[in-house]
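Below you'll find the structure, written out as structure tokens, and then a few comments.
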Amino acid sequence: MSTLEHPSTSIFSDVHDQLRESIRSFVDREIAPHAAAWEQTTYPDAIVRRMGELGFLGLSMPEEYGGQGGDYFTNIVLAEEIARGGSGGLLMGLSVHTDMVMPPLLEFGTKEQKRRWLPAGIAGETIFALGITEPDAGSDVAAITTRAVRDGDDWVINGAKTYITNGHRAGMMLTVVKTDPDAGYDGFTTFLIPMDTPGIVLEKPLQKMGMHASDTALIALQDVRVGPEAVLGEVGRGFHQIMWELQAERAIASAGCLAYAQRAFDLTLQYALERRTFGKPLGSHQAIRHKFARMAMELEATRRLIYATAADYAAGRYNVREISMSKLKAAQVAWMVADECVQIHGGAGYVSEYPVERIMRDLRLYRIGAGADEIMLDVIAKTYGL
């Protein structure tokens, strides 16, 4: 059963379904056939530009910047359908571009910043990266040590960012750094840094367990000089802006990773119906039937949580508790489903010829990125006063 046919899609209108069909057709033609090859080469920038031409990169962005002016659910549709293409790396790279950088740029940026960056990003001409994580600061954002110091009207930035998706292909990195060590949470500022700025040093791409189609960078910032126009919004608001951004990041991550797990389920169901063991279809064995029943139950329950949370988010209710629950539950269910799908495939699930091997490697990241499981549990607990 495809995502389009699931009964829990009441948040979607006919317009969303038409969009889904359009994106699905594009994915089937221009992404799915290349997903395996991109594991070796990473996906080409041309596919991002192509999506820009088709209007897929600014679905919920204002028309004045070249967007489609749609609602938040259009982003959910995009994430779910890109996941069907079987390239977790492309899904991750696009999510950073459309759902992690564009929203804070739109929310906090000046008119000049929006005019400079949003049209190029929506067209796919400039790819964006998000610079939060550092060698000694992951989930603990407040531990960031990359420093920006005033020099006249300019800022001079020194430090390092790591595990940066799109780092080697980006034209701009939205990055948070420390500007006042004595100001606590008000001592951070977000900058929009063109990646051709002198002093930005890209180390060789990091080799990863999964998401091979996506480039991941270690970036050194050595006396990187930017003007006041590079400050996103106001000086000292960086930590608060990133906390806001993380809600969007976690919301879209939950939808994307669950849809990717659904893809593994769909492929494995097809395999179980066709594969014969002990003289009958693999799926007719009770142990296998029960695995599918448990997976389907968890997928559907989690999807309903994600959609309910998305409806709140679209209405402007940034409920940290439910967003954190959705992200955590989706990541854990997706990993469980991937594990079971590989198990059902047996030896075939352990070789790269079958997509479930790649999907399992890709999905492991969701229990780490955008807030590790343990951080999500702590965030949820704190909302109850614990």
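Each Cβ is built from the backbone N, Cα and C atoms, and glycine gets one as well.
Here is what TrEMBL says about this protein:
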type: DOMAIN; residues: 14-125; note: domain 'Acyl-CoA dehydrogenase/oxidase N-terminal'
type: DOMAIN; residues: 129-224; note: domain 'Acyl-CoA oxidase/dehydrogenase middle'
type: DOMAIN; residues: 236-383; note: domain 'Acyl-CoA dehydrogenase/oxidase C-terminal'
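Assigned with DSSP, the residues of the domain 'Acyl-CoA dehydrogenase/oxidase C-terminal' (236-383) fall into helix, strand and coil as follows: 123 helix, 4 strand, 21 coil. When pLDDT is averaged over the domain 'Acyl-CoA dehydrogenase/oxidase N-terminal' (14-125), the result is 98. Broken down with DSSP, the domain 'Acyl-CoA oxidase/dehydrogenase middle' (129-224) shows 7 helix, 48 strand, 41 coil.
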